[in-house]
Every structure is written in structure tokens, then in C-alpha cells.
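One structure below.
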Amino acid sequence: MTQTAEKPFGKLRSFLWPIHMHELKKVLPMFLMFFCISFNYTILRDTKDTLIVTAPGSGAEAIPFIKLWLVVPSAVVFMLIYAKLSNILNKQALFFAVLSPFVVFFALFPVVIYPCRHILHPTAFADTLQSILPSGFMGFIAMLRNWTFAVFYVLSELWGSVMLSLMFWGFANEITKISEAKRFYALFGVGANVALLISGPAIIWSSKLRASLGEGVDPWGVSLYFLMAMFLCSCAIIAACYWWMNRYVLTDPRFYNPAELKAKKSKPKMSMGESFSYLLRSPYMLLLALLVICYGICINLVEVTWKSQLKMQFPNPNDYSAFMGNFSFWTGVVSVFVMLFIGGNVIRRFGWLTGALVTPIMVLVTGAVFFALVIFRDHATGLVAALGTTPLMLAVVVGAIQNILSKSTKYALFDATKEMAYIPLDQEQKVKGKAAIDVVAARFGKSGGSLIQQGLLVVCGSIGAMTPFLAVALFAIIMVWLTSATKLNKLFLAASAAKEQELAEAAAAEKEASSAAKESAPAIEGVS
């Protein structure tokens with residue numbers, strides 16, 4: 001049965017489950033792949049933070065150094081290797097070749113690398129550097145001191161960009177028809193949030209195993225063993241789903257027609273220089289890129305300070321990891337709620353600008369409250385006493401709420417308005433602009449915040465000392481964000497109006513041509 005011959009869905013089913021029965025053969029393995037990749041992403045994200053922040057002689061100040069000096073170069077090296085392998089291997093072999101290094105490293109980490117950390121880590125050399133260099137270089141020294149943990153952090157960061165953005169979405173975009181994508185992709189988004197709801201409790205469970213362990217057993221080492229075992233099981237499911245898709249789905253003409261899918265335009269590959277040039281020539285794209293950059297920097301500025309507070313409250317890695325598991329779970333709960341009941345309604349009722357401004361305003365308000373609690377904690381004794389907690393714990397909880405609300409509004413509103421901004425553009429602008437923003441904005445958003453924090457760390461010496469300056473930087477960047485969104489809204493409305501007028505004129509011309517054809521038909525019949 002073809003897609004066009006099938007009955008349309010009812011209103012409720014089109015909202016909850018817009019999938020035909022025969023399409024389950026294609027949807028379920030893709031959904032399971034996306035779920036497992038997202039599950040692993042959460043496991044690795046929470047574990048990498050726990051390793052680095054709670055490591056001996058380390059803390060949250062190491063994160064900006066790792067992101068700028070290790071993650072960014074590693075991403076570039078990976079892309080060079082990937083480009084080379086893509087010319088040598090077929091697509092199926094390439095997928096397994098990319099997955100293999102993650103499987104090997106994360107399999108070895110809990111059984112070989114972590115138990116041998118005392119041998120592998122240059123503790124004496126790091127101590128010597130710490131006695132020579134200023135305190136502002138502590139993050140850099142911590143990166144060297146715990147280099148195996150830094151490698152874990154880098155590969156965890158690469159998992160999201162490589163397996164999620166590149167491998168899964170590249171595979172999905174290649175084999176999915178446009179008519180299917182409109183129905184399938186929203187379900188994949190639900191799968192990502194369901195993964196948060198399951199991975200959070202899994203992290204909590206593995207982090208609390210120490211209660212049943214005997215004396216002399218490293219509880220965090222045991223937790224790592226189970227966390228990485230879960231990761232490897234998910235990788236096995238990912239590999240099995242990918243193999244099954246290639247064996248049974250891509251050989252079914254109902255689901256995959258290479259000739260038909262070749263008509264879909266591919267995104268051009270643009271160098272960094274070409275991306276800069278394209279963005280600078282287009283005010284519309286430059287403003288859109290600024291939105292992405294500002295979000296990345298703002299989240300980075302708040303997260304590192306929050307994680308430094310989190311370490312002070314939970315210095316034990318198991319306690320830290322358990323808290324991060326709870327954080328991931330509630331991020332999933334709030335994200336699902338916001339996506340289902342708030343996101344679309346805000347844009348439909350109040351328009352693009354309101355939807356675009358919700359995320360920066362949320363980051364501004366919650367970030368201001370968080371930084372105020374960190375900076376003026378000694379003056380908040382009345383509030384702390386009324387809540388029956390400590391100033392530190394209050395800052396940790398408010399920071400968690402800030403992160404959860406910022407990320408949930410980002411998923412539901414920021415991403416939606418960003419994608420909507422491409423709609424009124426012509427095909428060339430859509431394709432080239434998106435490619436330029438993926439290259440420039442994504443990298444600047446991730447590394448920009450790290451660069452600001454490194455500069456402040458070197459000057460101020462510690463995260464605590466630089467916190468007031470981070471608050472000022474956050475406020476300044478959000479002002480740029482709000483201004484860019486407001487200016488982009490004017491261009492968006494103008495472009496949308498022009499697009500609608502163009503479509504209306506095209507429809508009128510088509511109607512006029514159709515009427516003329518009907519009028520000429522009787523005359524032709526009379527002549528005949």
C-alpha cells in the first residue's frame with residue numbers, strides 16, 4: 001500500500017502517533033537507535049562532569065580549558081579522519097568504524113584505565129607546575145594532572161556531535177522521505193526526552209551502590225563499571241538496529257528508493273572562511289548566528305559556576321553523580337511538559353518574537369537569581385533560615401532549576417523559532433545559511449564561553465573571585481541576544497510578508513491561467 005492511498009489520521013492520532021502500521025518496521029529501529037544514542041549521551045555527560053569536577057586537584061575550572069584546548073582540536077581532527085574514511089569505506093562500514101573507538105575506550109576505562117590512574121597520571125609533575133604557575137592556571141594543571149579523565153571528557157563531548165548530529169541525523173536524512181520526516185522526527189524528539197527520564201534513575205541507582213559494598217572497595221570505580229556496562233549495552237543495540245535497517249528496511253522499496261531521495265538537496269560543505277564571508281554578507285544570517293552564539297556562551301558561563309558550587313556541596317563522586325542523575329531526570333520531565341503544552345502555544349498565540357525572547361529572558365532572570373545567591377550568600381541568612389537549608393545548597397538547587405528551565409525553553413522555543421527563521425528564505429539562503437551557522441555559530445557558542453572564563457580565571461585566580469565578572473558578562477551577552485532577536489524579528493516579518501505576497505501572486509497567476517484555459521476550451525471546440 002502506498003503512502004498516498006492510506007487513510008488520513010484522526011486529530012488525536014495525528015497528534016499522538018501519526019504512524020501507519022506497516023511503517024513500524026522503519027520507525028521503531030530508528031526510534032530505538034535515537035533513544036539509545038540519547039541515553040548514552042546523558043550517561044556520558046553526567047559521568048564526564050563527575051570525573052573532572054571531583055578529581056584530585058581538579059574542579060569546575062578545568063572544564064573551560066578542556067573544551068577550548070582539547071575538545072575543539074579533537075573535533076577538527078575527527079572531521080579530517082572522517083572525511084578520509086568516507087572516501088575509502090562504504091556507509092555501513094563507516095558507521096561501525098566511527099562507533100568502534102567509543103566502544104573500545106569506554107570498555108577499557110572502568111576495567112583498565114581508571115584502576116591504573118595513579119600510574120598514568122603525572123601527579124608529581126602537576127604538583128611542580130602548581131608551585132610555579134599562578135593560581136589562575138589551576139584549571140590547565142588539573143587537565144594535565146587528570147589527563148585520562150580529560151580524554152574521557154573529550155570523547156563524551158564528541159559522542160553528542162558525532163553519533164547524534166552526524167551519524168544518526170545523517171543516516172535519517174538520507175533514508176527518510178520529506179513526507180515521513182514531518183511525522184517521524186517529532187517522535188524522535190520525544191524519544192530523546194524519554195531517554196532522560198530513564199537514564200537519570202539509572203545514574204542514581206549506580207551511584208548509590210556503595211551502600212552495599214564492603215570495606216576497601218572503591219565505590220566510584222564500581223559505579224563506573226555499571227555505567228559503562230549500560231553504555232556498551234546501548235551501543236550493541238545501536239549497532240544491531242543499524243545492521244537490521246540496512247538488511248531489512250533499505251532493501252524494501254516501500255521505505256527506501258535511492259532515485260527518489262536523490263532529489264533532496266544536500267547541505268553544502270563550507271569552510272570556516274567561507275562561512276564567515278557568507279554570514280557577514282547577510283544581516284539576516286548574522287543575526288540568526290548571534291542568537292546561537294549567545295545561547296552557547298550564556299549556558300557555558302552559568303554551568304561552570306554552578307558545577308563549582310555543586311562540587312563544594314557534593315565532593316564525593318557518588319553523591320555528585322547521584323545529584324546529576326536527578327538533574328537529568330527532572331530536565332526530561334520539564335522538557336516534555338514544556339514541549340507538549342507550552343512551546344507551540346506560545347508561538348501560535350503571541351508570535352515569533354515572543355517565542356524567541358522567552359529563552360534569553362528565562363536565562364537572564366534565573367541566572368540573575370543564581371549569581372545573586374552565589375555573590376551575596378552571606379547576606380541571605382533570613383531567606384536561608386526560612387527555607388531550612390544552607391546558602392550553598394540553596395545556590396546548588398537554584399542553579400539546577402536555572403539549567404533545567406533554560407534547557408527546556410531552549411528545546412521547546414529557541415530551537416523552534418530558530419528553524420522557523422529559515423522558512424521565508426529562498427532555497428540557496430536556507431541551505432548555505434544553515435551550513436554557515438552550523439560551522440561558525442556552533443563552534444563559537446561552545447568555545448566563546450570557555451575563552452571568557454579562561455581569561456577571567458588567569459586574572460582573578462579562582463571561580464569564586466571571577467563570579468561577579470561572569471554575572472556582568474552574562475548580562476551583556478543577553479542584551480546582545482535580546483537586541484539581535486528584536487532586529488531579526490523585523491527582518492523575519494518583512495521576509496514572511498514578501499514570501500506570502502509572492503505565493504499569493506503565484507496562486508493568482510495560476511488561477512488566471514486556469515480560467516483563461518477554460519474560456520478558450522469552448523472556442524477551440526467550435527472551431528473543430
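Cβ atoms here come from the backbone N, Cα and C positions, even for glycine.
These come from Swiss-Prot:
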type	residues	note
TRANSMEM	24-44	transmembrane segment
TRANSMEM	63-83	transmembrane segment
TRANSMEM	93-113	transmembrane segment
TRANSMEM	124-144	transmembrane segment
TRANSMEM	149-169	transmembrane segment
TRANSMEM	184-204	transmembrane segment
TRANSMEM	220-240	transmembrane segment
TRANSMEM	284-304	transmembrane segment
TRANSMEM	327-347	transmembrane segment
TRANSMEM	356-376	transmembrane segment
TRANSMEM	381-401	transmembrane segment
TRANSMEM	463-483	transmembrane segment
Among 93-113, 220-240, 381-401, 463-483, stretch most in contact with the transmembrane segment (284-304) (C-beta, under 8 angstroms): 463-483
Non-local residues, at least 6 beyond the ends, that sit with Cβ under 8 Å of the transmembrane segment (381-401): 302, 305-306, 309-310, 312-313, 323, 327, 330, 366, 369-370, 373-374
Chain residues in Cβ proximity to the transmembrane segment (356-376) (below 8 Å; excluding those fewer than six residues from its ends, i.e. six or more beyond): 291, 294-295, 298-299, 302, 305-306, 309, 346, 391, 394-395, 398-399, 401-402, 405-406, 409-410, 413-414, 417, 467-468, 470-471, 474-475, 478, 481-482, 485-486, 488-489
Contact ranking winner - 93-113, 124-144, 149-169, 184-204 against the transmembrane segment (220-240), Cβ under 8 Å: 93-113
Contact call for the transmembrane segment (93-113) against the transmembrane segment (149-169), three or more Cβ pairs under 8 Å: yes
Stretch of maximal Cβ-Cβ contact with the transmembrane segment (149-169) [cut-off: under 8 Å; candidates 24-44, 184-204, 327-347, 463-483]: 24-44
Best-contacting stretch, by C-beta pairs under 8 Å, relative to the transmembrane segment (124-144) and drawn from 63-83, 184-204, 327-347, 463-483: 63-83
Per Cβ pairs under 8 Å, the stretch of 63-83, 184-204, 463-483 packing most closely against the transmembrane segment (24-44): 184-204
